[in-house]
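Features as listed in TrEMBL:
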ACT_SITE  C260  active site, nucleophile
BINDING   D30, K35, T86, T121, E155, K263, R327  NAD(+) binding site
BINDING   F152, L153, R154, E155, K204, F249, L250, Q251, A252, G253, G257, K320  substrate binding site
DOMAIN    313-415  domain 'UDP-glucose/GDP-mannose dehydrogenase C-terminal'
Amino acid sequence: MNIAVVGVGYVGLVTGVSLAEIGHHVTCIDNNKEKVHTLQSGIAPFFEPGLDELMKKNVANGRLAFADDLSSGCSNAEIVYIAVGTPQKNDGTVDLTDIEKVAIDLAHIILQDMIVVTKSTVPVGTNEYIKQLIDTNIVSSASIEVVANPEFLREGSAIHDTFHGDRIVIGSNNEWAATVIESVNKPFDIPIVKTDLRNAEMIKYASNAFLATKISFINEIANLCEKIGANVDDVAYGMGLDQRIGNAFLQAGIGYGGSCFPKDTRALVQLSGNMKHEFQLLKSVITINHNQQKLLIRKAIDRFQTLADKRIALLGLAFKPNTDDMREAASIPIVNELLKEGVDVVVYDPATMETAKKIFLNNVQYADSIETAITGADIVFILTEWDEFKRLDIHIFNQLMKDPVVFDGRNCFDLDQIKKAHIEYHSIGRPTVYRKT
Ligand SMILES: NC(=O)C1=CN([C@@H]2O[C@H](COP(=O)(O)OP(=O)(O)OC[C@H]3O[C@@H](n4cnc5c(N)ncnc54)[C@H](O)[C@@H]3O)[C@@H](O)[C@H]2O)C=CC1
Ligand SMILES: O=C(O)[C@H]1O[C@H](OP(=O)(O)OP(=O)(O)OC[C@H]2O[C@@H](n3ccc(=O)[nH]c3=O)[C@H](O)[C@@H]2O)[C@H](O)[C@@H](O)[C@@H]1O
């Protein structure tokens with residue numbers, strides 16, 4: 001089918017490329033001309049494993065194109081996907097400005113009947129609002145139907161997730177539109193859940209909130225494990241074997257970040273508040289996460305009393321490995337707090353250095369390798385579990401630091417391995433390993 005995708009961010013670009021890969025003719029549209037220009041020159045505007053190859057392949061076979069203008073980009077489209085951002089406002093509610101703009105702009109250019117599919121994460125009721133906005137502003141006699149098709153991909157494995165997802169949710173109050181979108185997605189060969197608009201919107205928020213809850217839960221267990229002398233990795237393994245619990249999302253650490261869990265959990269708390277329903281559990285999940293992000297600093301202050309004038313090397317700035325995204329990464333509050341404590345901060349990340357420079361400016365030093373970062377450091381904080389860190393020969397800390405003290409916020413190393421090295425090692429929810437004297 002002929003499909004237009006509006007918004008070429010993580011979700012829009014991956015959606016457009018994947019729909020082209022399964023045989024549709026897709027035009028990806030963005031109002032950021034620079035982004036479109038970059039895409040037209042064959043370069044993806046962000047790092048995502050496997051995306052470049054698939055993008056180039058489908059541009060070359062004529063199924064994928066890019067446009068910076070809604071009208072020309074949608075000229076042949078039978079279906080338009082909306083994948084623009086839905087950021088958070090200061091009060092925690094969702095900012096629907098971009099969604100509203102796309103809906104009204106579409107109403108001005110739609111000339112033939114069309115299905116409008118929302119990929120963006122939007123509060124319950126938004127798809128009905130989109131239909132109402134288009135219906136009241138439409139200039140032609142065409143009619144539209146709306147479908148909520150929330151996205152479940154993860155950054156860093158977006159292509160894999162799209163082709164091997166657990167389910168595709170198709171929400172519509174119109175059976176015909178739902179059936180068309182079901183057939184569009186059939187080649188993915190992934191179980192399809194057909195439901196109504198509100199259920200589909202709620203499935204997305206409930207899923208993200210549940211995953212965030214799992215993370216805060218295991219982090220609380222980790223904090224308790226430290227106090228009672230247990231090891232959270234072993235505890236999580238033992239819990240996860242129970243299929244009712246499952247082993248995914250039980251990795252203890254310094255909390256969740258990224259462009260979605262923090263925003264979507266706050267939005268759901270807000271949405272419940274609007275319905276005069278206090279979502280106590282989710283509020284606690286958010287508070288636990290907030291505290292967890294600063295855990296390494298509390299541990300370091302307990303250990304050293306003051307961090308003033310210490311040189312601390314941060315390994316990892318991205319909110320998780322395999323992405324150059326630092327949105328709501330734990331590294332940001334950690335750096336800000338360390339600077340307040342008077343710490344001399346040096347940072348290294350395999351993918352986010354350019355982004356980091358825009359955030360931390362001249363307030364930190366930027367290293368071009370792990371070795372440069374840790375040379376002469378008093379303390380190392382590990383904030384992201386990049387493979388590059390997990391594969392490190394841990395003796396490197398002895399070689400390049402005087403009295404190596406490592407605070408690992410992602411449990412990158414096995415404790416038995418650490419015991420063989422001559423370092424002091426603090427991790428999350430596991431016993432501290434002290435240097436042999
Ligand atoms: N990033 C992720 O991993 C996931 C994101 N989501 C949701 O998907 C939505 C999009 O997220 P991202 O792709 O991360 O956003 P993003 O911020 O990376 O990209 C949004 C794009 O929309 C463009 N845009 C904004 N207004 C426009 C307009 N009027 N016309 C054309 N283009 C316009 C922007 O220039 C930008 O390129 C959000 O609602 C997010 O919550 C859902 C699942 C995963
Ligand atoms: O709505 C969204 O945008 C997406 O949000 C998450 O995807 P993403 O944010 O890309 O990354 P995750 O792999 O879920 O990790 C999120 C955060 O949780 C942390 N995390 C994850 C898993 C875990 O066990 N422990 C843990 O601390 C990660 O370090 C990271 O900071 C969801 O996993 C996707 O299904 C969803 O589509």
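Cβ coordinates come from backbone N, Cα and C, glycine included.
Overlay of TrEMBL feature records on the structure.
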residue: T86; record: NAD(+) binding site; CB count, 10 Å: 22
residue: F152; record: substrate binding site; CB count, 10 Å: 16
residue: R154; record: substrate binding site; CB count, 10 Å: 16
residue: E155; record: NAD(+) binding site; CB count, 10 Å: 23
residue: K204; record: substrate binding site; CB count, 10 Å: 24
residue: A252; record: substrate binding site; CB count, 10 Å: 27
residue: G257; record: substrate binding site; CB count, 10 Å: 24
residue: C260; record: active site, nucleophile; CB count, 10 Å: 24
residue: K263; record: NAD(+) binding site; CB count, 10 Å: 21
residue: R327; record: NAD(+) binding site; CB count, 10 Å: 17
Field: Tally of DSSP helical, extended and coil residues in the domain 'UDP-glucose/GDP-mannose dehydrogenase C-terminal' (313-415)
entry: 37 helix, 18 strand, 48 coil
Message: Out of K204, A252, G257, R327, which binding-site residues have CB atoms lying under 6 Å from ligand 1?
response: none
- line: What remains of the recorded positions D30, F152, C260 after requiring a CB under 6 angstroms from ligand 2 is F152, C260
Message: Restricting to the domain 'UDP-glucose/GDP-mannose dehydrogenase C-terminal' (313-415), what is the model's mean pLDDT?
response: 96
Within 10 angstroms of C260 (active site, nucleophile), Cα basis - binding-site residues out of D30, T121, L250, R327: T121, R327
- line: CA pair A252 (substrate binding site) / T121 (NAD(+) binding site), Å rounded to integer, equals 26
Task: To the nearest whole angstrom, state the Cα distance for the pair T121 (NAD(+) binding site) and G257 (substrate binding site).
output: 17
Statement: Of the binding-site residues K204, L250, G257, the one whose Cα sits nearest to the Cα of E155 (NAD(+) binding site) is G257
Task: Out of D30, K35, L250, give me whichever of these binding-site residues has the highest number of other Cβ atoms within 10 Å.
output: D30
Query: Looking only at Cβ atoms, how many others are within 10 Å of the one on T121 (NAD(+) binding site)?
result: 21
- request: Work out how many Å separate G257 (substrate binding site) and K35 (NAD(+) binding site) at their Cα atoms, rounded off.
  value: 25
